[in-house]
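Heads up: the structure comes next, in structure tokens.
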């Protein structure tokens, strides 16, 4: 009798808080609110993808610049070591890839035009992110042991620059790994509307 | 007149092959044939996933055994080099992971019971495959430069065993990368029936 949530008493409806109205609204506008929620989620995913690609661009550009300027004569030249050459090459590739992807995404935000179908695009993004992430972690982890061994002997500007370039490559890898997770999630949440 | 495929002549129907009947069947049983096609595709995907995980299990077990038996005294002990220890550790992890996943899949085929919901399972598989693939390529590519440098000096049973263990780790990585692609595809083709 004193329970305001008891729906079998219509005379108590005016005293109860309005959950039944809310339930009714949900029942009536469920499809629309679903679509709006899906749009919001897709927008959030797109922004997250753009942010991680932006981070990846910045980090791989840093890795590229630090490694390319790492020439101090004698044995302190990065191009005397194949690991460092590998890091440099992959940093350049990753800079190009993430920069182009971010540009394409920004362009798509502004013009709402798409070059590929949405499904193909998600597949291409996912594959590209995966392959670039594999290359980044491969290059970074191949250069770690050499740098460790050098730093046991001497700790100078050359080893410090190498270490920071490798760290940047690792950060770029982490950004791209998150981006590849997001593109995998986008693949799984295709809207077939 | 002499063309048997001309459909505007009903007196020629008995001489023509029966494409209209086939079209009619497709129109009538479209939903059912769709579902059957989806089942077949899911079954194929599951078998593909199981096969790649089986390959990954075999290759990482080989990498583990070859690396663990790679002790020939003096400087020719794998446990004197941190890269080789890393390869061994990741090979053990990957053997356990792919073996357990393959066992779970076989068990699921036989009993048709599932511990997780299908969606969560696809997510867990995808994440696990990704992380293990990253670890495998990281360990393999960190051990490559050391082995290369050793083989420049001397080519003996120790360097040969290391090289073959690294090659097995790479093969395990490729299997797991394909498996992670398949789990990504499975994520994207969830049946919400």
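Backbone N, Cα and C atoms are what each Cβ position is placed from, and that goes for glycine too.
Curation does not apply to TrEMBL; its annotations are automatic.
The annotation compositional bias 'Basic and acidic residues' is assigned in TrEMBL to B:1-10.
The domain 'Casparian strip membrane protein' annotation in TrEMBL covers B:50-174.
Taken from TrEMBL, the feature region 'Disordered' covers B:1-21.
Through the fold, the transmembrane segment (B:44-66) approaches residues 87-88, 91-92, 94-95, 98-99, 101-102, 105-106, 109, 125, 136, 161, 164-166, 168-169, 171-172, 175-176, 178-179, 182-183, 185-186, 189 of its own chain, all at least 6 residues removed from its boundaries and within a Cβ separation under 8 Å. Feature annotation from TrEMBL assigns transmembrane segment to B:44-66 (among others).
Away from its own ends, the transmembrane segment (B:86-103) comes close to residues 50, 53-54, 56-57, 60-61, 63-64, 67-68, 78, 125, 128, 132, 135-136, 138-140, 142-143, 165-166, 168-169, 172, 176 of its chain (Cβ-Cβ under 8 Å, at least six residues beyond either end). According to TrEMBL, the feature transmembrane segment maps to B:86-103 (among others).
According to TrEMBL, the feature transmembrane segment maps to B:124-144 (among others). Sequence-distant neighbours of the transmembrane segment (B:124-144) (same chain, 6+ residues past either end, Cβ-Cβ under 8 Å): 49, 60, 83-84, 86-87, 89-91, 93-94, 97-98, 101, 116, 162, 166, 169-170, 172-173, 176-177, 179-180, 183-184, 186-187.
Sequence-distant contacts of the transmembrane segment (B:164-185) (same chain, six or more residues past either end, CB-CB distance under 8 Å): 45, 48-49, 52-53, 55-56, 59-60, 62-63, 66-67, 70, 84, 87, 90-91, 94, 98, 122, 125-126, 129-130, 132-133, 136-137, 139-140, 143-144, 147. According to TrEMBL, the transmembrane segment annotation covers B:164-185 (among others).
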**Asked** Mind checking how the domain 'Casparian strip membrane protein' (B:50-174) divides into helix, strand and coil residues in DSSP?
**Response** 106 helix, 2 strand, 17 coil
